[in-house]
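These notes concern the structure reproduced below.
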Amino acid sequence: MTEENQTVISQFLLLGLPIPSEHQHVFYALFLSMYLTTVLGNLIIIILIHLDSHLHTPMYLFLSNLSFSDLCFSSVTMPKLLQNMQSQVPSIPFAGCLTQLYFYLYFADLESFLLVAMAYDRYVAICFPLHYMSIMSPKLCVSLVVLSWVLTTFHAMLHTLLMARLSFCADNMIPHFFCDISPLLKLSCSDTHVNELVIFVMGGLVIVIPFVLIIVSYARVVASILKVPSVRGIHKIFSTCGSHLSVVSLFYGTIIGLYLCPSANNSTVKETVMAMMYTVVTPMLNPFIYSLRNRDMKEALIRVLCKKKITFCL
């Protein structure tokens with residue numbers, strides 16, 4: 001074995017985004033504003049749902065968990081990206097890289113499972129309105145949330161442990177803005193066939209199957225409403241399914257295209273842009289799409305503000 005191959009990598013260099021140096025400050029301000037918008041929007045949702053008893057329903061239980069997941073998902077990558085954009089040496093320790101990978105996978109998987117739970121909730125609400133409260137009991141809702149958190153732990157840990165067993169020799173430059181699976185596998189000088197097989201198999205379980213379940217749920221919603229077509233029914237389809245499906249398509253579409261159907265023609269820049277879509281853009285848009293345009297959330301915000309105002313005056 002050569003001396004080069006015996007070198008142990010203690011840190012990686014995150015090359016970040018291919019942004020010209022003269023535009024760094026502009027993009028730094030843009031990404032900082034996007035991150036702050038994500039944090040503020042999701043925090044507002046979590047706080048409102050906690051404070052307003054009218055929002056203590058299955059739908060908003062899932063939504064509060066989704067908002068927390070979005071907040072954490074974005075926080076796994078964005079602070080490090082912002083730090084590296086201001087640093088001369090954008091490095092990350094090997095242990096820090098594995099930690100970032102674990103939490104990135106954890107919250108990505110959690111979002112996937114929570115989106116399924118939300119789709120099922122809407123399916124029951126529209127197709128079985130008279131039995132909604134009996135089907136979506138508090139016990140079932142809490143069980144779905146807890147199951148989502150537990151399943152993601154095992155999946156994220158599996159990929160992280162498989163990555164930790166690999167050897168990294170001379171090259172330590174990651175052409176990405178965070179420690180993602182694909183660029184790390186390309187840097188490894190070990191056999192990565194097991195990792196790639198697990199990505200394909202487990203990806204089908206935590207990405208493809210949830211995506212199919214969401215599509216099936218909404219297909220049955222549409223079929224149920226079309227049996228008795230009406231303007232109100234069609235409006236319900238668009239108001240209930242449209243926003244959710246747009247985010248689902250953005251989230252799952254980029255992940256499936258990036259990890260499960262990779263193209264040999266995919267450039268590093270293209271992969272980075274796709275990663276930005278679901279790590280930065282989607283968590284930022286979710287509060288606006290799911291809640292801040294929602295009448296219940298607006299009314300809850302008014303009630304909370306009025307209550308605080310009265311308390312302050314007293």
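First residue shown is number 1, and so on along the chain.
Using the three backbone atoms N, Cα and C, a Cβ is placed for every residue, glycine included.
Residues annotated as topological domain 'Extracellular' in Swiss-Prot: 1-25 (among others).
The N-linked glycosylation site annotation in Swiss-Prot covers N5 and rests on sequence analysis.
Marked as transmembrane segment by Swiss-Prot: 26-49 (among others).
Per Swiss-Prot, topological domain 'Cytoplasmic' is recorded for 50-57 (among others). Among residues of the same chain six or more beyond the topological domain 'Cytoplasmic' (50-57), those with a C-beta under 8 A of the stretch's C-beta atoms are 64, 296-297, 299-300, 303-304.
The transmembrane segment annotation in Swiss-Prot covers 58-79 (among others).
Taken from Swiss-Prot, the feature topological domain 'Extracellular' applies to 80-100 (among others). Using a Cβ-Cβ cut-off under 8 Å and counting only residues 6 or more beyond its ends in the same chain, the topological domain 'Extracellular' (80-100) has close neighbours at 9-17, 24, 27-28, 31-32, 35, 160, 163-164, 168, 177-179, 184.
Summarising the annotation, Swiss-Prot assigns disulfide bond to C97-C189 and lists sequence analysis as the type of evidence. Contacts of C97 (disulfide bond) defined by a Cβ separation under 8 A and a same-chain sequence distance of 6+ are given as Q11, F12, C179, L184, in order along the sequence.
The transmembrane segment feature in Swiss-Prot is assigned to 101-120 (among others).
In the topological domain 'Cytoplasmic' (121-139), helix, strand and coil residues by DSSP number 16 helix, 0 strand, 3 coil. What Swiss-Prot records for 121-139 (among others) is topological domain 'Cytoplasmic'.
Residues or ranges marked as transmembrane segment in Swiss-Prot (evidence: sequence analysis): 140-158 (among others).
For the topological domain 'Extracellular' (159-196), the predicted model reports an average pLDDT of 89. According to Swiss-Prot, the topological domain 'Extracellular' annotation covers 159-196 (among others), on the basis of sequence analysis.
Sequence annotations record features per position, and here Swiss-Prot assigns transmembrane segment to 197-219 (among others) based on sequence analysis. For the transmembrane segment (197-219), the list of distant contacts is 109, 112-113, 115-116, 119-120, 122-123, 151-152, 155, 158-159, 162, 181, 241, 244-245, 248, 252, 255-256, 259-260: same-chain residues at least six beyond its ends, Cβ to Cβ under 8 Å.
The annotation topological domain 'Cytoplasmic' is assigned in Swiss-Prot to 220-236 (among others) on the grounds of sequence analysis.
Swiss-Prot lists 237-260 (among others) with the feature transmembrane segment, giving sequence analysis as the kind of evidence.
According to Swiss-Prot, the topological domain 'Extracellular' annotation covers 261-272 (among others), on the basis of sequence analysis.
Annotation comment: Swiss-Prot describes 273-292 (among others) as transmembrane segment. Within its own chain, the transmembrane segment (273-292) has Cβ neighbours under 8 Å at 17, 31, 34-35, 37-38, 41-42, 44-45, 63, 66-67, 70-71, 73-74, 76-78, 104, 108, 176-178, 180, 243-244, 246-247, 250-251, 254-255, 257-258, 298, counting only residues six or more beyond its boundaries.
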Highest-contact recorded stretch vs the transmembrane segment (26-49), from 58-79, 101-120, 140-158, CB pairs under 8 Å:
58-79
Helix, strand and coil residues within the topological domain 'Cytoplasmic' (50-57) as assigned by DSSP
5 helix, 0 strand, 3 coil
Is C189 (disulfide bond) helix, strand or coil when read with DSSP?
coil
Mind giving me a neighbour count for C189 (disulfide bond)? Other Cβ atoms within 10 Å of its Cβ, every protein chain shown.
14
